[in-house]
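**Student:** Shown below is the structure under consideration.
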Ligand SMILES: O=C[C@H](O)COP(=O)(O)O
């Protein structure tokens, strides 16, 4: 079974509209016509419209960085799937460890968010991963099992592979401390097995990204791992040339 690799750049809270447009101008000549890798950028809300407009017709897809599970309501500061859908984004990242850690996003929230995102026809990138303390205590599998099973609980078996799961060991995010290929492969294979336990075919099809200090220098080795189907890239995705080099590393 061949899974199309998926490289997504997560800009986090970086780039004004002008800076986002400058990124797109730099990136489109490099990746705008690549069709053997799915390519996305996860953009702060204020720049989404501009980036959707400037990437229309290209291979570069636009993702949001958060969404609420409710259709609408008194949720100050939040954004609904209908609002994202109207902007013509391809999907949205949910469960990023920074949102879990700093903004209190819980497994229970994710359980509500994932079905709502799928029902709107948007693609979720669902992040999971353990802290350094949890890894050192031998709890990596317990943590991943809980996050994956809870988050995907209300996704229909037949829809599981519509979710891209990003395995991001928290200790490797923004630290320059990349997981070893063995650690990345082992965790991604474990996540795939959890999906396969629900539905064997969906387990084969689901794409699992590795995230955490992915750079042009280490991307090829990580992306060649059998259960790693792409990358969720933070710092190295802020610059078009370095982002494009990682996309190139994902090509067969
Ligand atoms: O969403 C991306 C990840 O948090 C990885 O960030 P990083 O590549 O800066 O370590």
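In case you wondered, yes, glycine gets a Cβ from its N, Cα and C as well.
Feature list, courtesy of TrEMBL:
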type	residues	note
BINDING	10, 11, 12, 174, 213, 234, 235	substrate binding site
ACT_SITE	96	active site, electrophile
ACT_SITE	168	active site, proton acceptor
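A description of the local structural setting of each listed feature is requested, covering burial, neighbours and distances.
**Tutor:** Residue 234 (substrate binding site) counts 22 other C-beta atoms within 10 Å of its own C-beta, drawing on all protein chains shown.
In the three-state DSSP assignment, the secondary structure recorded for residue 96 (active site, electrophile) is coil.
Contacts of residue 168 (active site, proton acceptor) defined by a Cβ separation under 8 A and a same-chain sequence distance of 6+ are given as 96, 97, 127, 128, 129, 210, 211, 212, 232, in order along the sequence. Taken residue by residue with DSSP, residue 168 (active site, proton acceptor) is part of neither helix nor strand, so it is coil.
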**Student:** Using a Cβ-Cβ cut-off under 8 angstroms and a sequence gap of six or more, which residues of the chain neighbour residue 10 (substrate binding site)?
**Tutor:** 41, 42, 65, 93, 96, 211, 232, 233, 234, 237
**Student:** Where does residue 174 (substrate binding site) sit by DSSP, helix, strand or coil?
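**Tutor:** Going by the DSSP assignment, residue 174 (substrate binding site) belongs to neither helix nor strand, so it counts as coil.
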**Student:** According to DSSP, collapsed to three classes, what secondary structure does residue 234 (substrate binding site) have?
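**Tutor:** SS state of residue 234 (substrate binding site) = coil.
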**Student:** Relative to ligand 1, which of the binding-site residues 12, 174, 234, 235 have a Cβ found under 6 Å from one of its atoms?
**Tutor:** 174, 234, 235
